[in-house]
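Here is what Swiss-Prot records for this protein:
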type     : residues                                                   : note
BINDING  : His13, His15, Lys99, Asp247                                : Zn(2+) 1 binding site
BINDING  : His15, Leu16, Arg17, Asn41, His136, Leu219, His251, Ala263 : substrate binding site
BINDING  : Lys99, His136, His174                                      : Zn(2+) 2 binding site
MOD_RES  : Lys99                                                      : N6-carboxylysine
ACT_SITE : Asp247                                                     : active site
Amino acid sequence: MTTLTITRPDDWHIHLRDGAQLKDTVRDISRYMGRAIVMPNLVPPAIDTETALAYYDRIKAQVPAGSQFEPLMVLYLTDKTSPEEIRKAKASGKIVAAKLYPAGATTNSDSGVTDLKNIYPALEAMQEVGMLFLVHGEVTDSSIDIFDRERVFIENILSKIVADFPKLKIVLEHITTKDAVDFVTQASDNVAATITAHHLLYNRNHMLAGGIRPHFYCLPILKRNTHQQALLGAAASGNKKFFLGTDSAPHAKDRKEAACGCAGSYTAHAAIELYAEAFESVNALDKLEAFASFNGPDFYNLPRNSDTITLVKKSWDVPVSYPLGDNNVVPIRAGEQIDWQVE
């Protein structure tokens, strides 16, 4: 039987939600992830240090006994985020980054930034204190085609931020295009990117050909297969700028299977298992450990995990749904099989 032992991985981008859903999302992510960057787009969002730290406490209260899982918190940037708030967040020791959501770009982003110039003072402070800048890299102009919004963001916005703040560490999150791969590859060592398992395994044909499959609908949206291949190439290249970020984003079944369904795919039930499939598909299992366990903490200037997990090449049946608070969530690969499992 094929086995693969790797240093315990981390998830550098996840949505854990809040309230009754928290016990279920934390249960899934804490099975074998050491740490996770927890997104702050709650209702209301975590726009200040106190709110983010209270959320940290709620997450920790749900970590199962015996798990060493540690949430890493993120501040939600708004037009009014002050340099003082950035310094306060950094001094907390629990908040490691601040997140740009262009207003209206994704789930619960209505409180986001309307004009980048409004956050330049905050970015200056982040550059000074060494706080990372996480970016949802899509424009929100309705005249821009949804499949082009990442590319246009990089060309018109991100390139300027990188030039204006050369010492600011920036993570372009959940990249979906060859354009993003090329930009990150060519940028300075202060620019990195996360890649999801579902963007490595799927493209827009999986979502749209032969019927609409709403559980593949996420933002940024799945792109054509040429972009998928570029992502696989980047992830499997060994380039230290690319690392694991699931963007696992649960929504109740009835909110996905609807006339106007929510964006987000749930992969926390089998994150590293799905990444193993993706890396195996390009004969690069030997590159999985760096992508999943080394590149992220190295970029964040955090220690790598010291223990290991073991993956076994053994198929298992994915349930059609998992509990999610008072509802259920339909995961990626629901009712089908995954080729790998964690021992």
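Every residue, even glycine, has its Cβ placed from backbone N, Cα and C.
A map of Swiss-Prot features onto the structure.
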{"residue": "His13", "record": "Zn(2+) 1 binding site", "contacts (Cβ under 8 Å, 6+ apart)": "Ile37, Met39, Leu134, Glu173, His174, Thr194, Thr196, Gly245, Thr246, Asp247"}
{"residue": "Leu16", "record": "substrate binding site", "contacts (Cβ under 8 Å, 6+ apart)": "Leu22, Thr25, Val26, Ile29, Ala36, Val38, Met39, Ile59, Pro71"}
{"residue": "Arg17", "record": "substrate binding site", "contacts (Cβ under 8 Å, 6+ apart)": "Thr25, Leu42, Pro250, Gly325"}
{"residue": "Lys99", "record": "Zn(2+) 1 binding site", "contacts (Cβ under 8 Å, 6+ apart)": "Met39, Pro40, Asn41, Val74, Leu75, Tyr76, Leu77, Leu134, Val135, His136"}
{"residue": "His251", "record": "substrate binding site", "contacts (Cβ under 8 Å, 6+ apart)": "Gly261, Cys262, Gly264, Tyr266, Val329"}
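Taking the mean position of the Cβ atoms of Lys99, His136, His174 as the Zn(2+) 2 site, the remaining same-chain residues with a Cβ inside 8 Å of that point are His13, Met39, Leu100, Tyr101, Thr106, Leu134, Val135, Gly137, Glu173, Asp247.
If you draw a 10 Å sphere around the CB of Ala263 (substrate binding site), it holds 16 other CB atoms from the protein chains shown.
Here Ala263 (substrate binding site) is positioned 12 angstrom away from His15 (Zn(2+) 1 binding site), judged by their C-alpha atoms. In the three-state DSSP scheme, Arg17 (substrate binding site) falls into the coil class.
Report note: the Zn(2+) 1 site is defined by His13, His15, Lys99, Asp247, and the residues of the same chain whose CB lies within 8 Å of the CB centroid of those residues, excluding them, are Ile14, Ile37, Met39, Asn41, Leu134, His136, Glu173, His174, Gly245, Ala249. Of all Cβ atoms in the protein chains displayed, 26 besides its own lie within 10 Å of the Cβ of His174 (Zn(2+) 2 binding site). If you draw a 10 Å sphere around the CB of Leu219 (substrate binding site), it holds 22 other CB atoms from the protein chains shown.
There are 27 other CB atoms within 10 A of the CB of Asp247 (Zn(2+) 1 binding site), with all protein chains counted.
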